[in-house]
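Below is one structure, written out as structure tokens; the observations come after it.
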Amino acid sequence: PDTHWSHSQSPSVLESENSLDLLEIMGNLSYDDSNVTSLDYDAAPCHNQYCPLFQRVAPTFLAITCATATLGTGALLVALAKRPHGWGWPQSRALVAQLAVGTGLFAALLPPVAVGVRQGWRLGAGLCSLTHLLWHWSLFAQGLLVGSGSCSTAWCHWDARSQRLAVAVWAGALLLATPAALASGTVAAPEVSCIRRSVDVLSPVYLLHLILCLCLFLLLPAALLVATLAVPWLRSGWKPGVSASWLFFGLWVPYGMGLAVDFLLHAQLLQPTCGTFEHFDYVLGLSEGLGVLHCCLGPAALLAAWLH
């Protein structure tokens, strides 16, 4: 999927996706047999060792997150089934059920990603693109569900209106996720890797994907926050359920900011320093790891809001 926490890179080929792009930007990086990327920056070599650390830590992190998310989502579904009338707007049963489906879909993709990180991607380019498609489909669907649930009473009842809205949300999310699949691919290496971007950073398909991600992770939560502060009836409807669902945005906003900086570096709109080269991969990877946690923290937060 579309992140350092979701793609597999072989350290024998490159230290990280950013390392490859910074090689193209600066033009004077070299790779040696010790898998350390060096840049002679005023006689002080720069070393980027993110990828080996990523390959050691990410599979365990993803496995634990998947197991926790499975338990949390299962408990949430049980609560929905046992107390069907205990969920009211803004955490209506129909809305919470769809959020559970979204987090379940996201969590189901973590095991193959973990195996791909550890052993190399062996599922082919087609399944690589499909994984990216499903990963972003779940993210866009959850973002749209949280947004619609925060500023509309359409989810109060599961009727023809809410059913049409549900179809529109999931179909729209699938459409919005398509550029992610088109921009992803595999790279030939001793161990084949599934990466989030196999096209140029300025290619139309990647720019569209980037814009959509920034709209989801940055612009949508900002617009919802402004609307909530400006509209009295939205403020009066602020309840624990809204706070719980907004956890999704809180966890993904740092990654959205990281994507914006990542693009500026790749497009040479920001000139990378040695420190940037050495540390930005860690910042972007940690921010995406934080976002991935939404699939286990989200169900727990919704359960806590329901019990409140």
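Cβ from N, Cα, C; glycine included.
TrEMBL lists 61-81, 93-114, 134-158, 165-186, 206-234, 246-269, 289-307 with the feature transmembrane segment.
Touching of the transmembrane segment (289-307) and the transmembrane segment (93-114) is concluded from the presence of at least three CB pairs under 8 A, sequence neighbours closer than 6 excluded.
Of the candidate ranges 93-114, 134-158, 165-186, 206-234, 246-269, 93-114 contributes the most Cβ pairs within a distance under 8 Å of the transmembrane segment (61-81). Beyond the transmembrane segment (206-234), the same-chain residues lying 6 or more positions past its ends with a Cβ under 8 Å from any Cβ of the stretch are 2, 136, 139-140, 143, 147, 150-151, 176, 179-180, 182-183, 197, 199-200, 246, 249, 252-253, 255-257, 259-260, 263. Listed by sequence, the residues of this chain that lie at least six past the ends of the transmembrane segment (134-158) yet keep a Cβ under 8 A from its Cβ atoms are 1-2, 6, 88-95, 98-99, 102-103, 105-106, 109, 165, 169-170, 172-174, 176-177, 180-181, 212-213, 216-217, 220, 224, 227-228, 234, 242, 245-246, 248-249, 252, 294, 298.
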